[in-house]
Amino acid sequence: MDTSTVLEKYTQDLSNLPLEVRHLLEEIKSKDVQVSEARKRYQTRDHQLHKFIRTNGTLTKHPKEDQLYSKIEEDMKLVQKLQKEKILLANTALFLISKHLYHFETDIAKLERDELLPPLEHPIELTEVSKDEYAKSLNGFSDSASATPTPRNGSSATPVAETVKKIQKKKLSVKGASSSSAQSSSASRQVKRLRSEEIEDPLPYEGGSLAFNGNVAMSINSAADANGPNGEDADNNLYCFCQRVSFGEMIGCDNEDCKYEWFHWSCVGITSPPKDDEIWYCPDCASKMEKRKKKRKN
């Protein structure tokens, strides 16, 4: 590895980052608009009830009180949901940038060790306080990502975001599970039921735990340290419709020809693991199979 190779590598790796971050920020802005509209709706209904009480007293019930309260509660729940989605998007952007920054700093350090690049006279170091603040920002996100996914190899595509996590080499190797169709189907259903606590615990992070979903604590440092200085063995594959790295809990599609193979629970609306004998297809494969059935009937 030399300086020109590193430069070329990161020029390519970072070429799509601005578009990814811009997409995430646009999504956050869109959800902000939805939050504002929902707030206006429930505040208007609340004012309507208060106006009626001021006019008629507290003993007289508004003729549409139950309907209004139901609508207010519905909008408040929507606002909570949208706020959690905004946190997810913001942390996805944070992770994307942090991932590239960490690998870049790792390669720079290697070039300096090999005396291919002179070190900075006054290197900028991340203080322990900064590390703790960064860790807390991700720890605070754990509530909004409580239903997350266990990885498997998938085809790479342009990453576009919806959720986020750290790079970590998994205890389970799913490559061998797809050696034959019979073994693959069985292994797929077994892996789908694996929970986050069944994944190998990573090494601790110096500046604070980057806890995610309460059970899986991951950090960029620990993932790279466990897999070599350059993180060469780290799982950098992209999975799911959102085309992000594996994190948390994931579910595998039982269609052997599935394009994505593995999906984050939050991306496909899964909140609990499937039963032992349950077969699960992703929305894409399920739609294709339904079309095939209709064609056969015709």
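Using the three backbone atoms N, Cα and C, a Cβ is placed for every residue, glycine included.
Secondary structure at CYS267 (Zn(2+) 1 binding site), taken from DSSP and collapsed to helix, strand or coil, is helix. Annotation source Swiss-Prot lists Zn(2+) 1 binding site at CYS240, CYS242, HIS264, CYS267, citing similarity to another entry.
Look at Swiss-Prot and you will find CYS253, CYS258, CYS282, CYS285 tagged as Zn(2+) 2 binding site, backed by similarity to another entry. With a cut-off of 8 Å between CB atoms and residues at least 6 apart in sequence, the same chain places TYR281, CYS282, ASP284, CYS285 near CYS258 (Zn(2+) 2 binding site), listed in sequence order.
Taken from Swiss-Prot, the feature coiled coil applies to 20-86, supported by sequence analysis.
Feature annotation from Swiss-Prot assigns compositional bias 'Polar residues' to 140-158.
What Swiss-Prot lists as compositional bias 'Low complexity' is 174-188.
Residues or ranges marked as region 'Disordered' in Swiss-Prot: 140-206.
Summarising the environment of TYR239 (site 'Histone H3K4me3 binding'), the number of other Cβ atoms within 10 Å of its Cβ, over all protein chains shown, is 27. For TYR239 (among others), the entry in Swiss-Prot reads site 'Histone H3K4me3 binding'.
If you look up Swiss-Prot, you'll see MET250 (among others) marked as site 'Histone H3K4me3 binding', on the strength of similarity to another entry. Every protein chain considered, the tally of other Cβ atoms within 10 Å of the Cβ of MET250 (site 'Histone H3K4me3 binding') stands at 26.
For the recorded site, ASP254 (site 'Histone H3K4me3 binding'), the DSSP three-state label reads coil. The site 'Histone H3K4me3 binding' annotation in Swiss-Prot covers ASP254 (among others).
Taken from Swiss-Prot, the feature site 'Histone H3K4me3 binding' covers TRP262 (among others), and the record attributes it to similarity to another entry. The Cβ neighbour count for TRP262 (site 'Histone H3K4me3 binding'), using a 10 Å radius and every protein chain shown, is 24.
Residues annotated as zinc finger in Swiss-Prot, with sequence analysis given as evidence: 237-288.
The closest partner of HIS264 (Zn(2+) 1 binding site) among the recorded positions, by CA position, is MET250; the full candidate set was TYR239, MET250, CYS253, ASP254.
For the binding-site residues listed here (CYS240, CYS242, CYS267, CYS282), the lowest count of other CB atoms within 10 A around the CB belongs to CYS242. DSSP assigns CYS240 (Zn(2+) 1 binding site) to coil in the three-state reduction, placing it in neither a helix nor a strand. The average pLDDT computed for the zinc finger (237-288) is 83. Apart from CYS253, CYS258, CYS282, CYS285, the residues listed for Zn(2+) 2, the same chain places the Cβ atoms of ASP254, ASN255, LYS259, TYR260, GLU261, PHE263, TYR281, ASP284, ALA286 within 8 Å of the centroid of those Cβ atoms.
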